[in-house]
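Colleague: What Swiss-Prot records for this protein is below:
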{"type": "MOD_RES", "residues": "Q1", "note": "pyrrolidone carboxylic acid"}
{"type": "MOD_RES", "residues": "M13", "note": "methionine amide"}
Amino acid sequence: QSFGNQWARGHFM
């Protein structure tokens, strides 16, 4: 799991 992925989900989505 990548922490960057969760961050992107909240910023891009």
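From the backbone N, Cα and C atoms, a Cβ is placed for every residue, glycine too.
Values in this document were obtained by computation on a predicted structure and should not be read as measured data.
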Colleague: Just counting, how many other CB atoms are there within 10 A of the CB of the residue listed as 'methionine amide'?
Modeller: 5
Colleague: Looking only at C-alpha atoms, tell me how far the residue listed as 'pyrrolidone carboxylic acid' is from M13 (methionine amide), rounded to the nearest Å.
Modeller: 18
Colleague: Taking the Cβ of the residue listed as 'pyrrolidone carboxylic acid' as the centre, how many other Cβ atoms fall within a 10 Å radius?
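Modeller: Step by step: centre on the Cβ of the residue listed as 'pyrrolidone carboxylic acid', count other Cβ atoms within 10 Å, giving 5.
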